[in-house]
Ligand code: ATR
């Protein structure tokens, strides 16, 4: 008898370099889950149509990456509170009737990587979040739930930082966190945790803030990983900060998605270590 595997994918454009298929295949092996997880390159104007196609093919769920996270939230029949707050989804769960539930595990992944993998508490700390696009919006709720002392958002376009603050003000008040927006050019204060949620390093534009923001011994976190994270982390480390790239966030958000789909928590720390090794070997092979 032929059995078909439960089918999942990552939908994005571009998507060719996504590490998600590797991560989910490894999670499946280690938890003895039988599933098939692939990359799915979606035409820029074709997300809704492609999602319907995935449902028609019997897909059980998907991750969603750039630039479709807003559309994914809108396409769902139901949204988790995190999606409702962020307006963006990175995980869709498809039930037997083809109904779509949207969640966002990016913020949980970031928090897990900082607190568990890096061993840095967020509670009681002063946090600077640089950027106010989809990436920043996706992580702000879970960061607030850690009850830092404050979160300051700064962004090249100040109005977007203000909008994020307004949207999250009720949660900040509930969690007793001081949440404020500052102009990027006139940023005041220093911070225990500085998170780069901009596409700035990707574009090789350097670091948009001065080293004054780095409190001695602070954690500088780039939500990017690989070569894209290097300029921000090199800058932060040169000024005494501990740098960490977003590879752990990638693995941890995947683990949260996997748990939503399969009801099983994979050993994410082991898979993160393995993935770092895979990337190190690839880098070595490239420079040989
Ligand atoms: P994402 O979903 O990855 O967050 P986005 O919504 O396009 O993508 O947001 C990109 C973020 O990077 C924004 O905060 C953007 O600033 P603006 O809101 O002013 O556009 C920020 N960004 C991109 N390039 C930048 C640069 N060269 N310097 C500073 N910020 C930059």
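Using the three backbone atoms N, Cα and C, a Cβ is placed for every residue, glycine included.
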Listed co-binder of shikimate (same site as 18, 19, 20, 65, 90, 225, 253, source TrEMBL) among 36, 106, 113, 192: 106
Same-site residue for NADP(+) (record: TrEMBL; known: 131, 132, 133, 134, 135, 155, 156, 157, 158, 159, 160, 223; options: 109, 240, 243, 246): 246
For the domain 'Quinate/shikimate 5-dehydrogenase/glutamyl-tRNA reductase' (121-201), residues assigned helix / strand / coil by DSSP: 29 helix, 23 strand, 29 coil
Number of Cβ atoms other than its own within 10 Å, given for residue 135 (NADP(+) binding site): 22
8 Å Cβ shell about 18, 19, 20, 65, 90, 106, 225, 253 centroid, shikimate site members excluded: 10, 63, 250, 254
Residue 90 (shikimate binding site) versus residue 156 (NADP(+) binding site) - Cα distance in angstrom: 24
